[in-house]
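To keep things clear, I will list the structure first and then write my remarks on it.
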Amino acid sequence: MENKHGGAELLVRAHPPINRQSFTIHVSASLRKLLELAEDLEVRKKDGNGILREFTVSELNEFCGGKSAEDLLTLAEKQSLVRHELENIRALLVACLHYKIIKQIFPLHDVQAVCKLGNSWYLPLYSKQPYETIREYFGESIALYFQFLGFYTYALLVPMILGFVQLLTSSGTLVYFSIINVIWAALFLELWRRKCTELAFTWGTISMTSLDEPRPNFRGVMGKDSVTDRLLPQYPRWKTNMKMYCVSLPLVILCMFGAFIVMLISFWCEDMLRKAGTFPPMVVYIPSTIYAGLIYVMNLIYRQFATYLTEWENHRTQSQFDRHRVTKLVLFEFVNNFMSLFYIAFIIQDLEMLRTDPYDDYLELFVQFGYVFLFSSVYPMAAFWAVFNNVLEIRSDAFKLCCVYQRPMARKVKDTGAWQRSFQALCTFAVITNCALLCFLPSLKNKSPDTDPTKWFLGFVLLEHALLGLKQVLHYAIPDKPEWVRIALARSNHLSKQALKRQVLKKESSDAK
C-alpha cells in the first residue's frame, strides 16, 4: 500500500501454508524505499571523500563512489530498516504477537552470504575473524560481541604466560604475579573502552543517544514527543523508578539471599557427612552435586524472572532495557557463581580446596573473567583454560549463528553498555580479593613468622589501596577517544555545519526568486 493511503510501501508476499493452521508472510522493501528510509533514519555512510556522515538520497552518486546503489546498504542495515517500518505500527504489532495472531517475527538468512561468511569465519582455525563482514551481515551488536571475545582472548595471553612462569617458580613470586594480574585486568578494560570508541566511530554509532526510538514493547499513552514532535508512547519516568526501587530491587535481593542460603545448606550438609566419618566418599559429595544442579536450574528460572521484571518496569529504549536487565543478571550470577568461592576462601579458609575447584565451565565471559582474575593468586592456570575455551567458543558460536540458530535481529550499539560497568566492578573486587587471599596465604605467612599480625594486615590494606589508586590513574590517563577519532569527529561536525549553511543559503536564494 502506498504511503499516501496510510501504507508503509513495503513488499509483501504470502507463502503457501505449511499446515492448515498457519502460513508465512515475507516482508521486504524496494531499493528506493530502503534509501528513503536510510535518509529518514539518518543512517551514516562514507561519502566519496571517505567522510562518515548522514546519508541523503539527493547525494546518492557521491555516497556510491563507483559501486551500485544496491551495495550501498549492508544486509544488516536493510533488515533494520524494514523492521523499523514494521515497528511503526507498534500497538497493532504487539497486540498481534500477544494474542498469537502473529506467532513470530524474524529475519531470513541470505544463503549465499551466510555460506561465504562461514567459510571465512569458523572453518579456518588460525585466521583472523572477519569482523567487518560479521557486522555487515549480523549487525553491530553481534560484531561487537565477537570483537570483545577476540580482544579479551588476546589479552588473556599475558596472564596465561605469567601463570606458567609462576607455576615453574617458587611461591615467592605469587605476590608479583597477583599484582601484575590485577593491573593487567584494569589495563585491558581501559584499552577495550578505547577500542569501543574507535569501533563506534568507524561504524557510525558513536552519536547514539538516549533519544533512540522507543522499544516495540514500550507501553504508554500516545502523545507528541517534545523533541521530534512525533506521536509516540509516553510513560512517566517516576513510575518506572518506583517499580524498580520498590518492587524489583527487593525481589532481586530476596533471590540473591535465597541463592546464598542454598549454598550454605549445601556446605553444612557436606560438612556433617564428612565429620560423621561413616559414609563412603561418593556420598559425602552428594550435596555438592545437588547444589551444582540447583545452580543451573536457579539460573534458568532467574533469567526468565529478570526479563519479566525488566519488561514490567517499562523502560523506554532498548539500551535502557538491556542495562537494567544485565544489572539484575550480574548480581545474581555473582552470588551464584562466586559466593561459594568467597565462603571457602574467607570463612572455611581452605585455600587448597579452592585450588581444586573446576574451571571447565565457562558459560559466560563475565563469569570466566571472575574466575580468572578474582582468584588468580590461588589458581594461576585459570587464564590458560580460559584461552583454550575461548578459541573453541569463537568457532562454535560462529558455527551456531551461521548454521544452527535463527538469524538474530540486527541492532546498532556503540559499546558493551552495562557489561563494561559490570567488568569494571568485578576488576575492583579482584584487587580486594587477591590482596585478601595473599594476606591469608599460609606459605607467605611462614616466610615472615615474626611479623606482627596487625602490621601484616595493614601492609596488605596499603597494597590494596595502592592498586585501587593505580586503577583510577589508568582510568584517567588513558583517554576514551584516540586522537584520530577526536580530530575526525571535529572535522565531521565542521563539515555538517558547512553543509547546513549551504542548504540554508540555497533555500533563501530560491525563496527570493
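The backbone N, Cα and C atoms fix where each Cβ goes, and this holds for glycine too.
From a predicted model like this one, the values you see are computed outputs, not experimental measurements.
Pulled from TrEMBL, these are the features on record:
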- 134-349: domain 'Anoctamin transmembrane' (DOMAIN)
- 354-491: domain 'Anoctamin transmembrane' (DOMAIN)
- 144-168: transmembrane segment (TRANSMEM)
- 174-192: transmembrane segment (TRANSMEM)
- 244-268: transmembrane segment (TRANSMEM)
- 288-309: transmembrane segment (TRANSMEM)
- 329-348: transmembrane segment (TRANSMEM)
- 368-388: transmembrane segment (TRANSMEM)
- 423-444: transmembrane segment (TRANSMEM)
Any chance you could find the range in 144-168, 174-192, 244-268 with the most Cβ pairs under 8 Å to the transmembrane segment (423-444)? 174-192
Highest Cβ pair tally under 8 Å against the transmembrane segment (144-168), stretches 174-192, 244-268, 288-309, lands on 174-192
Using DSSP three-state counts, the residues of the domain 'Anoctamin transmembrane' (354-491) come to 98 helix, 0 strand, 40 coil
Who are the long-range neighbours of the transmembrane segment (174-192) in its own chain, taking Cβ under 8 Å and residues 6 or more past its ends? 148, 151-152, 155, 158-159, 162-163, 165-166, 369, 373, 376-377, 380, 416, 420, 423-424, 427, 430-431, 434-435, 437-438, 441, 443-444, 463, 467, 470-471, 474-475, 478
